[in-house]
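Here the structure is laid out as structure tokens; the discussion comes afterwards.
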Amino acid sequence: MEEDMEYSEEEESEERNLIPERLPSPVENVSEENVSEENVLPSNNEQNDSSTDTVTDSLINEPVTKCQKVSVSEESSADNNNENTDDSDQSCPICMELWTTTGEHRLCCLRCGHLFGRSCLLRWLQVSCTSSNRRCPQCNRKAAVKDIRMLYAKKLVCIDTSELEIMKNQLSTVTAEKNRIEIELSKSNLRQKLYEQQLTTMKNRIAELQNQLSTTKSDFNRCQSVSANTSTKFHLEHSLEICKEDGCRVLDYNHWYGLLAVSQKSGNPLFTGYGVKKIDVENFVPRQFLFLHSQAIRDISFHPSQQSILLSVGFDKSAKLIDIQNNTIMHSYTTDFTLWSCCWSGDDSNIFFAGAQNGSIIQFDIRQTSSPVGLLESPNDRSPVISLATVPAYAECGISRGGFIACRLNSCNAYELKESTYIPKEINLQGPFVSVRYDKKNNHALISCRPNERLPQARHIVCSIEKGNDEMVLCNIVHTFNAGNSQRLLSRPCHISVENDTLIAVHQESINSIPFWSISTGNQVHTLPVSDPIIDMCSFKINDNVYLATLSARKLRMYKHNSL
């Protein structure tokens, strides 16, 4: 141990003897290449003296041999660093890809001086760092987006991407144009398909109209030939405008007082609603207007034996009994349903019925004014009861004790009283139905049907009701009269008793005329042109002259029959 201590002391003395030789200029022999990054001094002037002393002390305390070794290793490491720097100076330290002179990855730097590609640096500051901890990826100094500076280095080797950027812009432009053209092409194809569909529809419509035109021409020619050769004709006797606006719907004739009751819309702005106007048919002059319903009147019917009672039903869910002689409302019945039709019972004149929108038939008794006395429902058909017709008692009829016939849109039934209840019996006819009338002179029912896809002609069926079983009555068809392929309105036909024959008058929409058919022959005997659609008709006699009253939405016309 003593020898070792002596040896160390000798070495220390030798080193101390060597140091003074280097003290005169300690900094002169230290090259810039041998200074590592740890010995880089700050630029603050206040720290220059202390740092210089620190370097001097380190040089004094280090042996000469160690200093020489360190300088060699530092020199080799510096060379390696220079080589790596030469390789890495041309690439972004974030993505390790070469930066470019233009475009998203162009050369830029931060305030600290480190170089990056702009897109990588933006992604680093905006995504990888939080808003409160944005720093340089290399030196960890605080940085912000506003600190980014674009560099334009002349001697820096960068990839010239100007042509690439131009090609990218051109590619994006061409792609956008291609997408626009594809969208326009798809729109054009869609428009072409729509036009082709419209063209097909129009062609079908043209063919349909051509068929209708040929049918109409043949019907019109036949009507003209019938009118020229017939001995039965009607001519217009009177015409009267009932109301200024469309509001007329139904009419009925009272042979005791010789007047027509016509439903119309009120012309008084203070009393809006609907009522009936009395028309003196002998002089064809209007009489009083009776205000009855707040909504449209759908049907009216005079009592079969009591001279002054008129029954009316309307969309205001009420049925009213009116004394037309005194112009007063005798009683009003309120229901839960919109009412479409009405009639008196054929077996009891005190009973009347009202057809409702839900397919049920409400039974009333004029002797009991508190409420209805019965409700006849139809579980198989809930469509509105559009028409009712009284059937008087007749021994050979299918409902011999009397009753009524009810037409719904999709079914037709005869009702007969059995054990104080009216039992429905199906009439085996194919609808859809429009109206029903009954002629007690011939005991014929006139049932009208509108056209459909299976039966394209409007049909008016004259038939007799024969006895069947408990669930059905037989329908013996006498004639079926076709009246064109169009019927939009629920117009009602009528029977006309002339001399020894009965005529059927209907409104034919396809040729805007009223054809007349003979029950005895089944042939069309006359046609009457009309200017506007006819909604309702009725016939009556005055002084042995036969008249036909027709009602449109605004006008009442009366035609007189003359036999040549």
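From the backbone N, Cα and C atoms, a Cβ is placed for every residue, glycine too.
Just so it is clear, the model here is predicted, and its values are computed rather than measured.
The feature compositional bias 'Acidic residues' is assigned by TrEMBL to 1-14. Sequence annotations record features per position, and here TrEMBL assigns region 'Disordered' to 1-58, 70-89. Annotation comment: TrEMBL describes 37-46, 73-83 as compositional bias 'Low complexity'. Look at TrEMBL and you will find 47-58 tagged as compositional bias 'Polar residues'. The domain 'RING-type' annotation in TrEMBL covers 92-140. Annotation source TrEMBL lists coiled coil at 164-219. Taken from TrEMBL, the feature repeat 'WD' covers 290-332.
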Same chain only, please: residues at least 6 beyond the ends of the repeat 'WD' (290-332) with a C-beta under 8 Å from a C-beta of the stretch. Say none if there are none.
247, 249-254, 256-257, 259, 261, 263, 265-266, 271-278, 338-344, 349, 352, 354, 362, 364, 366, 369, 388, 390
Take the domain 'RING-type' (92-140) and average the pLDDT across it for me.
90
Residue counts (helix, strand, coil, in that order) that DSSP gives for the repeat 'WD' (290-332):
0 helix, 27 strand, 16 coil
Work out, from DSSP, the number of helix, strand and coil residues along the domain 'RING-type' (92-140).
11 helix, 10 strand, 28 coil
